[in-house]
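Database features, via TrEMBL:
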- K37: active site, proton acceptor (ACT_SITE)
- Y263: active site, proton acceptor (ACT_SITE)
- R135, M312: substrate binding site (BINDING)
- 242-366: domain 'Alanine racemase C-terminal' (DOMAIN)
- K37: N6-(pyridoxal phosphate)lysine (MOD_RES)
Amino acid sequence: MPVKETRLIINLNDLAFNYAVIKEKLKPETKIMGVVKAFAYGTDSEVVAQKLVDLGVDYLAVAYIEEGVRLRKFGITIPILVFYPQVEELKQLLTYNLTPSIYNFRYLKKLNATLNKEDIEDFQIHIKINTGLNRLGFDLNELEAIYNEINQSKRIKVVGLFSHLAASGNAKEAKFTQSQIEKFEIAKRFFQSKFDQKLIAHLCNSSGIFNFPEAEYDMVRAGIALYGYGNNTKEHEQLQPISSLKTVITQLRSIQVGESVGYERLFKASRKTKVATLPLGYVDGIARQFGNLKAEVLINGKTAPIIGNVCMDTMMVDVTDIECKEGDHVTIFGKEHSALKFDKLQQSIPYEIITRISQRVTRVIES
Ligand SMILES: *Cc1c(COP(=O)(O)O)cnc(C)c1O
């Protein structure tokens with residue numbers, strides 16, 4: 001049963017706003033892929049996917065097949081790219097009309113064999129090229145071999161070609177990003193010369209959209225920007241966090257100098273301290289690394305640091321200088337107190353903070 005006091009509020013108007021900010025950056029004909037993996041970055045994948053479809057998004061992307069199946073069962077019909085399909089799950093792709101990213105020969109060969117066996121033609125895939133992230137994808141010296149494998153069965157229809165930038169949010173790595181763009185160009189030229197159909201080439205993630213407009217190609221893959229976060233640049237500041245984690249104060253107490261708070265007694269009061277207990281803890285996604293003054297929540301317009309260790313189901317904050325009472329609302333992070341502000345010492349990144357909110361927390365949709 002989800003807990004009621006602690007809610008993740010998801011605002012669809014803010015999602016629409018961020019979508020418009022991204023769209024504004026792009027040429028009118030550039031397609032947008034909305035990345036809704038990981039429960040749409042910790043929000044609600046079905047609701048967010050449906051809103052993106054309503055807004056006119058061209059493609060959706062998920063990490064794993066189950067996530068795509070979930071969207072199909074919900075009724076989403078636009079193309080869905082699966083970034084990390086597993087070889088054993090080929091049948092699911094076919095059943096649910098999901099488009100795989102193909103990134104190695106093991107998978108490509110298995111796909112060909114299955115398509116032959118099932119007598120399926122025109123099966124759509126996107127080819128993933130490794131241009132420097134060194135995570136997944138074919139290397140540039142494999143282009144000819146990929147083509148030969150695909151050409152052999154003629155059952156695969158390559159509709160897209162993509163790669164992923166390693167440091168598009170980091171100006172110091174602009175040269176490296178440039179080298180990734182150049183490698184991608186080589187792959188694009190190669191495949192476009194081999195196939196009659198016009199391929200959808202896509203390279204940019206959110207930071208890429210803002211920092212490397214020259215690499216827009218035919219489509220961009222927008223993830224974190226849709227959810228309201230970027231990498232601290234001016235342009236990103238206009239984005240609105242769409243998910244706000246809120247709770248209430250469940251108990252207030254005052255402790256004297258020398259008294260401690262929480263397990264292991266890591267907070268010791270050096271002044272008379274007012275302590276507020278909040279009904280969420282590490283199981284809800286507030287990692288223990290945020291305990292002991294590393295993060296701040298917002299209560300009645302003022303920030304309150306987390307004191308002591310974060311517990312499993314609860315955590316304590318110092319509200320000595322804040323006027324508040326039991327039952328008052330608390331914003332852990334959200335529109336008026338971004339994940340970057342919550343994470344005062346920048347020990348983490350908004351991606352990690354917002355995606356970790358566990359399924360125990362009730363989702364509330366606002367629009
Ligand atoms: C998650 C992911 C994205 C989205 O990245 P953001 O930085 O959140 O925009 C794009 N492409 C791939 C391959 C991904 O895995």
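Here the Cβ of each residue, glycine as well, is placed from N, Cα and C on the backbone.
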Message = For a quick check of packing: other C-beta atoms within 10 Å of the C-beta of M312 (substrate binding site), how many?
response = 12
Query = How many other Cβ atoms are found within 10 Å of the Cβ atom of R135 (substrate binding site), counting all protein chains shown?
reply = 11
Query = What is the interatomic distance between the Cα atoms of M312 (substrate binding site) and Y263 (active site, proton acceptor), given in whole Å?
reply = 11
Query = With DSSP helix as H/G/I and strand as E/B, how many residues of the domain 'Alanine racemase C-terminal' (242-366) fall in helix, strand and coil?
reply = 19 helix, 48 strand, 58 coil
Inquiry  = So if I measure Cβ to Cβ from Y263 (active site, proton acceptor) and keep only same-chain residues at least 6 apart in sequence, which ones fall under 8 Å?
reply    = G308, N309, C311
Query = What's the CA-CA gap between K37 (active site, proton acceptor) and R135 (substrate binding site) in angstrom, rounded?
reply = 17
Task = Using DSSP reduced to three states, classify R135 (substrate binding site) as helix, strand or coil.
result = coil
Task = Note down the number of other Cβ atoms within 10 Å of the Cβ of K37 (active site, proton acceptor), including every protein chain shown.
result = 19
